[in-house]
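> Okay, handing you the structure first.
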Amino acid sequence: MAEFIRTQIFGTCFEITTRYSDLQPIGMGAFGLVCSAKDQLTGMNVAVKKIMKPFSTPVLAKRTYRELKLLKHLRHENIISLSDIFISPFEDIYFVTELLGTDLHRLLTSRPLETQFIQYFLYQILRGLKFVHSAGVIHRDLKPSNILINENCDLKICDFGLARIQDPQMTGYVSTRYYRAPEIMLTWQKYNVEVDIWSAGCIFAEMIEGKPLFPGRDHVNQFSIITELLGTPPMEVIETICSKNTLRFVQSLPQKEKVPFAEKFKNADPDAIDLLEKMLVFDPRKRISAADALAHNYLAPYHDPTDEPVADEVFDWSFQDNDLPVETWKVMMYSEVLSFHNMDNELQS
């Protein structure tokens, strides 16, 4: 039986195993508090997130279960990895992940990025997305603050709010809206993995320009800014809009012509412009895939088809539609924690 110690962080009781020491708060979100800590077993610095009251409602219990299942499934060099998980005597859940030094948002607000860094960061983002998408998973919330980077420029997509949480002191925090694909923003249709390619394209453009590409004040303004660059959506896209109100809104807008990307991104490499144009396409069916983007000439310095893996199996979403009581989710969660430690022990033996 693991031994637990208690400590107060920001008025919150952290009840963690003796394996972790030197807790320091690094962020707080709606669902939990994150601290950096020293892992006594490995000597590494880690991030420890406490999930607040995971079993207080069926919705929270299901959300926590989903996040754990996803992190266990998505094992890849460019995705944040789960190194430990435990449930305290108070029945709070703690996720332990790698700790990386910074994130892309902080980098972008501190200095312009040189071309080789833009290429390398984009390559790693797309390499991670290729794996995520092959597992039948959509990130849905890709943005610079969800992309963690260490001193070696290794990049990891921080998925599902489980790793580093937004620093409350961070200035100039950018809304998720800036990176949201039009088909999500205007609820046109059932969206798919292409929404992540749009977000990655927005991040790519921001790395080139040093500022957000589509900084909308609200969804209407956001859409207007997008059309100023991409022009009016083509008819085959407008025809897919299910909402009558959204359809009326889009049809009421004045016709706009697409601005040539070479004109917008005057100092960008022609290959960068070509790839960006393939990522930022109104019609999700015509957006380039992560796998094809990796093979684009712009990423040739890093592209290695033998080292861009896909998932062994598609993620099992069968639990998603289950409407279960908290106690059932709790039993399922304990089972997942147990299987994680059994799997971890097998890997180490």
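Glycine too: its Cβ is placed from the backbone N, Cα and C atoms.
Because the structure is a prediction, the values reported are computed rather than measured.
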> Where does the phosphotyrosine label fall among Tyr20, Tyr173, Tyr302, going by Swiss-Prot?
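The phosphotyrosine feature in Swiss-Prot corresponds to Tyr173.
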> Have a look at Ser175, Ser224, Ser289, Ser339 and find the one that Swiss-Prot tags as phosphoserine.
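Cross-referencing Ser175, Ser224, Ser289, Ser339 with Swiss-Prot, phosphoserine lands on Ser175.
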> With respect to Swiss-Prot, which of the residues Thr7, Thr64, Thr176, Thr227 bears the note phosphothreonine?
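In Swiss-Prot, Thr176 carries the phosphothreonine label; others show none in the record.
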> Which residue among Thr109, Thr171 does Swiss-Prot mark as phosphothreonine?
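Per Swiss-Prot, the residue annotated as phosphothreonine is Thr171.
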> Within 10 Å of Thr176 (phosphothreonine) by C-alpha distance: pick out those among the recorded positions Ile26, Met28, Gly32, Val34, Asp141, and say none if nothing qualifies.
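Those near Thr176 (phosphothreonine) - Cα within 10 Å - are Asp141, in sequence order.
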> For a quick check of packing: other C-beta atoms within 10 Å of the C-beta of Gly32 (ATP binding site), how many?
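A 10 Å sphere around the Cβ of Gly32 (ATP binding site) contains 23 other Cβ atoms.
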> To the nearest Å, how far is the Cα of Gly32 (ATP binding site) from the Cα of Asp141 (active site, proton acceptor)?
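Here the two Cα atoms lie 18 Å apart.
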> Just to confirm my parser: what is the rounded mean pLDDT across the domain 'Protein kinase' (20-299)?
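Here the predicted model's pLDDT, averaged over the domain 'Protein kinase' (20-299), is 89.
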> According to DSSP, does Ile26 (ATP binding site) sit in a helix, a strand, or coil?
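Strand, per DSSP.
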> Taking the binding-site residues one at a time (Ile26, Met28, Val34), which has its Cβ surrounded by the most other Cβ atoms within 10 Å?
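Top count of Cβ atoms within 10 Å goes to Val34.
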